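Reviewing the structure listed below.
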Amino acid sequence: MHSELKVFSDQAPGRVEQHLTDKAAMARVLASAGIRYEQWQANQALSDDPQQDEVIQAYQADIDRLIADEGYQTVDVVSMVPDHPEKTAFRQKFLEEHRHSEDEVRFFVEGQGLFTLHINGKVYEVLCSKGDLISVPANTPHWFDMGPEPRFVAIRLFNNPDGWVANFTGSDIAQQFNRLA
């Protein structure tokens with residue numbers, strides 16, 4: 001799996017203005033839009049089916065740095081597999097443009113997901129994969145696609161898990177852009 005960034009005008013969903021696969025270049029473009037994008041490395045090998053404590057321990061230094069920088073209060077690990085009985089419902093839940101009252105911070109331990117951000121007339125499609133951290137600032141319009149056969153393990157950081165409720169914008173813009181196949 002790879003990571004990539006595609007940038008569009010929100011008025012021209014079929015025309016890619018910028019397409020990047022170099023992670024340093026992706027980080028620069030995203031930073032200019034106020035989005036944190038980093039790569040993390042585990043400080044120890046993970047087992048084949050790691051539990052939450054093992055995953056957090058493997059990335060503890062980066063987690064601690066982010067907590068110190070941003071004041072996050074809660075850390076957990078979420079995973080999704082293709083045979084999850086509610087995968088379709090979970091996918092549908094975040095496919096429409098929405099906002100959260102706090103940052104949405106995700107680090108991909110395994111797998112991938114497509115975050116699409118709608119900022120100042122631009123749409124940023126960020127395909128995140130293993131080793132990628134993305135932090136979507138509070139109140140940024142965005143949507144997320146885990147794909148029809150999702151497979152990922154991600155670390156989540158929160159200020160307040162109750163603040164991570166999706167507030168939908170009512171826009172249909174997400175339907176005009178790419179989804180994971």
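The backbone N, Cα and C atoms fix where each Cβ goes, and this holds for glycine too.
According to DSSP, Glu97 (site 'May play a role in metal incorporation in vivo') sits in a coil region rather than a helix or strand. Residues annotated as site 'May play a role in metal incorporation in vivo' in Swiss-Prot: Glu97.
The feature Fe(2+) binding site is assigned by Swiss-Prot to His98, His100, Glu104, His142. Counting every protein chain shown, the number of other Cβ atoms lying within 10 Å of the Cβ of His98 (Fe(2+) binding site) is 21.
Residues or ranges marked as Ni(2+) binding site in Swiss-Prot (evidence: sequence analysis): His98, His100, Glu104, His142.
The Cβ neighbour count for Asp103 (site 'May play a role in transmitting local conformational changes'), using a 10 Å radius over every protein chain in view, is 19. Summarising the annotation, Swiss-Prot assigns site 'May play a role in transmitting local conformational changes' to Asp103 and lists sequence analysis as the type of evidence.
According to Swiss-Prot, the site 'Important to generate the dianion' annotation covers Arg106, on the basis of sequence analysis. Sequence-distant neighbours of Arg106 (site 'Important to generate the dianion') (same chain, 6+ apart, CB under 8 A from its CB) are Gly113, Phe115, Cys128, Leu133, Ile134, Ser135, Ala154, Ile155, Arg156.
The recorded positions shown are Asp103, Glu104, His142; of these, the one with its CA atom nearest the CA of Glu97 (site 'May play a role in metal incorporation in vivo') is His142. In this structure, the binding-site residues His100, His142 were compared by how many other Cβ atoms lie within 10 Å of their Cβ, and the smallest count belongs to His100. With respect to their backbone Cα atoms, His142 (Fe(2+) binding site) and Asp103 (site 'May play a role in transmitting local conformational changes') stand 12 Å from each other. Residues Phe94, Arg99, Val136, Thr140, Pro141, Trp143, Phe144, Ala166 surround the recorded Ni(2+) site, their Cβ atoms falling within 8 Å of the Cβ centroid of His98, His100, Glu104, His142, which are themselves excluded.
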